[in-house]
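Colleague: This structure is in structure tokens; I'll ask about it shortly.
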Amino acid sequence: MSVPSSASQVRPGDETRPLPLQMAPRRRGKPPRHFADLSADERVASVIEAGEKPFRAKQLATHYFTHFTSDPDEMTDLPAATRAALAETMFPQLIRPTKVMEADGGTTVKTLWHLFDDAKVESVLMRYPNRTTLCVSSQAGCGMACPFCATGQLGLTRNLSTAEILEQVRAAFRALDRGEIPGGPARLNNLVFMGMGEPLANYKAIMETVRALVAPQPDGLGMSARNITVSTVGLVPAMRKLADEGIPVTLALSLHAPDDDLRSELVPINTRWSVDETIDAARHYYEVTGRRVSIEYALIKDMNDHGWRADLLGKKLNARGKGWVHVNPIPLNPTPGSIWTASDREVEDEFVARLRGQGIPTTIRDTRGSDIDGACGQLAAEEDDE
Ligand code: SAH
């Protein structure tokens, strides 16, 4: 990966020269329309348009969402003569795995996907003793320009379509179902929008994705909304809109600093919506949905890990009530080119202790996959082929 020189020069205490925020994508081409992009009614309409009987829509949905397949050879309940053509129309190949990396004895798997226009994204599947979690990408690259995040250094190539996101999920369900991940056949329990991209900047597609994730099989994947986490830099109007959707997904807010001066440097969108406005929107989400919000806080040595910042964070959260929020500090995963590093262990412990001391539930997030650059903030699929 080539890292812009401004990123490699960023140092704690230095004057930083951040990348500009990028709200509009560089590319506008749309991927082909796919079955997973369609509502239930549209699925029926497109099957009819393809010259088939309406009930075929349900058969296709069952293949896709219950058996995780789009391969006509596996669709033996469809007429042999038209099966291949129908599958080709309904399930154009949108994502192609070009590199698979494993860690933790094969229970952490990072996949690099090439999209129809050669844009690239990554997803990471993590299997734990009693649960499975997939981290998906919602955009190719990201326009939010956070200087400590590998994806943030790429800029935004384009939004993913609903089906491009759902295809990452289907691949994970399929691998688990077919017993390809050590530990025997399993289901996917948790999904986090913590791969590449800012999910709330691709609002329509991620909401359609969420609807398909929670719809019961065979119309969707039958996941539980509370096991789906949407992580955001804090796009305040979109956070408020999300609260009104009536789907109680878990909201994670990437705060990283409790004061505007530092947060504007670490999370540049803070220049548009301040720390207080952002925390208010998180609190609003809790009030409307009853879902406890997670605050993400990457601990960066000598940057944002001071005791007084833990105290200020606790104070700002408690000022808005008790029991509505918990904090997930994450030791910084160093990214290529940046000399920022994770906080020392004692500093991390002190940070956690101060938050807990104020009565705020605080748990350190694990950094699984860091050795294959698959941990939070490390996803940086290269833009161009070398
Ligand atoms: N754009 C969304 C989701 C993608 S990143 C967001 O920012 O929330 C998922 C999480 O990883 C975010 O909390 C992000 O701030 C964090 N992260 C980014 N770079 C990181 C790094 N180098 N080390 C640790 N966490 C990082």
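Including glycine, each Cβ sits where the backbone N, Cα and C put it.
TrEMBL entries are annotated by machine, without manual review.
Okay, these came from TrEMBL:
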- 1-34: region 'Disordered' (REGION)
- Glu122: active site, proton acceptor (ACT_SITE)
- 128-371: domain 'Radical SAM core' (DOMAIN)
- Cys142, Cys146, Cys149: [4Fe-4S] cluster binding site (BINDING)
- Gly197, Glu198, Ser231, Ser254, Leu255, His256, Asn333: S-adenosyl-L-methionine binding site (BINDING)
- Cys376: active site, S-methylcysteine intermediate (ACT_SITE)
Colleague: Which residues does Leu255 (S-adenosyl-L-methionine binding site) neighbour through Cβ under 8 Å, counting only same-chain ones at least six apart?
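Modeller: Sequence-distant Cβ neighbours: Gly234, Arg263, Val267, Val275, Thr278, Ile279, Ile295, Glu296, Tyr297, Leu313.
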Colleague: Report, in whole Å, the straight Cα-to-Cα distance of Cys149 ([4Fe-4S] cluster binding site) from His256 (S-adenosyl-L-methionine binding site).
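Modeller: Roughly 12 Å, rounded to the nearest whole number.
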Colleague: Report the binding-site residues (Cys149, Ser231, Ser254, Leu255) that meet this criterion: Cβ distance to the nearest atom of ligand 1 under 6 Å. Use sequence order and write none if nothing qualifies.
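Modeller: Only Cys149, Ser231, Ser254 meet the Cβ criterion.
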Colleague: I'd like the Cβ neighbour count for Glu198 (S-adenosyl-L-methionine binding site), meaning other Cβ atoms within 10 Å of its Cβ, all protein chains included.
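Modeller: There are 27 such Cβ atoms around Glu198 (S-adenosyl-L-methionine binding site).
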Colleague: Whole-number answer please: how many Å between the C-alpha atoms of Cys142 ([4Fe-4S] cluster binding site) and Gly197 (S-adenosyl-L-methionine binding site)?
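Modeller: That comes out at 4 Å between the alpha carbons.
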Colleague: Quick one: largest C-alpha distance among Gly197, Glu198, Ser231, Ser254, Leu255, His256, Asn333, binding S-adenosyl-L-methionine per the record, in angstrom?
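Modeller: Largest pairwise Cα separation, rounded: 18 Å.
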Colleague: In whole Å, how far is Cys146 ([4Fe-4S] cluster binding site) from Cys376 (active site, S-methylcysteine intermediate) when you measure between their Cα atoms?
Modeller: 13
